[in-house]
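S.K.: Let me give you the structure first, and then I'll get to my questions.
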Amino acid sequence: MDWTYFFIISAVASTFFLSLGPILYHRYLGDADSTYDSSTIIAGNIRLRPRIKLVCGNLENIPCDVCKLFVVGLRALVGRQAPEADIVKFAIEICKTFHIEDERVCQGIVRMFKDEFVGVIEKLVLSPEEACGLVVGETCGNPYDPEVMWNITLPNVPKPPVKPHVLPQPGSPILRILHLTDIHIDTQYLAGASADCGEPLCCRIGDKMTTGAMAAGKWGSLNNCDLPYVTLQSLFEYLRSIKDQFDYVVFTGDLPAHNVWNQSRSDITGAMELVTKMFLTYLPGKQVYNTLGNHESAPVNSFPPSYITGNDAETWLYNETAKLWKNWLPADTMKDIKRAGYYTTMIQQGLRLVSLNMNFCNNQNWWLLINTTDPMGQLSWLMNVLQKAEDNKEKVHIIGHIVPGGGSCLKAWSWNYYKVINRYESTVTAQFFGHVHSEMFTMFYDDVQFKRPTSVLYAPGSVTTFSDLNPGFRIYEVDGHYNGSSWYPLNYQNYYLNLTKVNKDNTPVWEPEYNAKADLGLKSLYPEDWDDLIHRFKTNDTLFQRYYRYTQKLATKAICGTDCKSSLLCDLKSGRSHDNANLCKNITGYW
């Protein structure tokens, strides 16, 4: 490397880049500077802050200027065809200098992502401000390119009149669905290892052994630790004992652990094969419907569209996914799974399932920076599936991983999905998602006045303990198979494992946590009931605090204060991302 690199950066960077550039230049030239203290750097308006947990999936805490520095520097290096070693050193230095992670994690994550960094930058047409606006958030920059905020065209078919919801007659058939999500099995979990290791994931082989409160428990830890195998085995043993209480299973993604800085493709497929074997062993004959999570790839979040070929292509994952999912799915689903990881199939007469690959809305999937417009045509495909379902008088349950209303979903994708759900509100009767490890629901409203509730999205909470959570799962009761069934959820029961108790008694007891109707005072589970619950939360703080504990799977007795409450209420109302101004304006007193 020579001084050309420094002058390229200096020519295009802000005062921030100018002040930091020489330090970075000398350091990854290998010039040790014993007087340099990274903790005292103040560059531009960015002060170094406590470590940012980047690698577990979210970049939104990264300072905007750091993101821009990275894009500018990477583009300059790639543009001048710098050696791979220089690109790696630059990225590691950014990671270390701004305390994104410690040196070991920085080195691991950069080496895993280097091919994706280069592949995206070579094709990127967005400016650093625009790219960082998509990845970090709109406060970092708004794209001017109209294709970034794209729109799909709905079919030219009038929307059927919306009919009032009517509860089924007593004694009507009931369908029961087991919902599992975010298992994050850690085969390297080690009881007695430190739960405070200073890295994104702890309680693992190689971490310091300790005793007391910070020692990893045998059955799991209320800290930044994933699920030990013994606890997953206990869960499946319990599910086998209650197998008559559910008809089929939906699993909404994320099997591997959070050690994303040193994972391989074989680690990913190994986790997928392990859990598939457990389903087949403990629940033989039970249908399982899966969806892909953002951790089902190596590197994490990396789901390139099909125009990315060669070693970076996602063919390896989709082929493995099809091989495992064919245990439960018909042959006509395999083509879409092998092409893009999504599919549709009939559950039974009158009820269709759609499994989405939500990584095509993931703002941490950097391949989408090349072109964000309806990646792999998934939303257009969904719209066509729903139109055919409407024509055939079918109802549809949608499963996916990343919730479309969260900050992790790209704005244009989320807003178009919201539009599709509103158009087909009489067809889509349930949405089952994951990704958020705490329990939650999310509302969808009409997209004109944002007042009339149209749909509800459910996330039951994770099986993993990451972070500071008890393990849990959910069983829904759904309007069942009969002529005129709504196929709507009617109630649900959450279950959990009390980690504090099991680590003390060494006897796992999976027990009921709460019942939606009984413990939240719901008359039914239609969209209007959940909307009414949010209004009650605003005035009945006792009820709200009870629900807040449920979101944590009873892992905390802490009170959710004013800021916490306003944020959570807004999340519950936000079925589409980046739109608090419309969706949360009627909770101004708390926002």
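Any Cβ shown, glycine's included, is placed from N, Cα and C.
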S.K.: Per TrEMBL, which of CYS202, CYS203 is disulfide-bonded to CYS197?
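M.R.: In TrEMBL, CYS197 forms its disulfide bond with CYS202.
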S.K.: Counting across all protein chains present, how many other Cβ atoms fall within 10 Å of the Cβ of CYS95 (disulfide bond)?
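M.R.: Step by step: centre on the Cβ of CYS95 (disulfide bond), count other Cβ atoms within 10 Å, giving 23.
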S.K.: Same chain, not part of ASP182, HIS184, ASP254, HIS437: whose C-beta falls within 8 angstroms of the C-beta centre of the Zn(2+) 1 site? Give them in sequence order.
M.R.: THR181, ILE183, GLY253, GLY293, HIS295, GLY434, HIS435, SER462, VAL463, THR464, PHE466
S.K.: Measuring Cα to Cα, how many angstrom lie between HIS435 (Zn(2+) 2 binding site) and CYS203 (disulfide bond)?
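M.R.: Checking the Cα atoms of HIS435 (Zn(2+) 2 binding site) and CYS203 (disulfide bond) gives a distance of 21 Å.
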S.K.: Averaging the per-residue pLDDT over the domain 'Saposin B-type' (60-144), what integer do you get?
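M.R.: The predicted confidence over the domain 'Saposin B-type' (60-144), as a mean pLDDT, is 83.
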S.K.: Among the disulfide-bonded residues listed here, CYS64, CYS202, CYS225, CYS560, which has the most company in the form of other Cβ atoms within 10 Å of its Cβ?
M.R.: CYS225
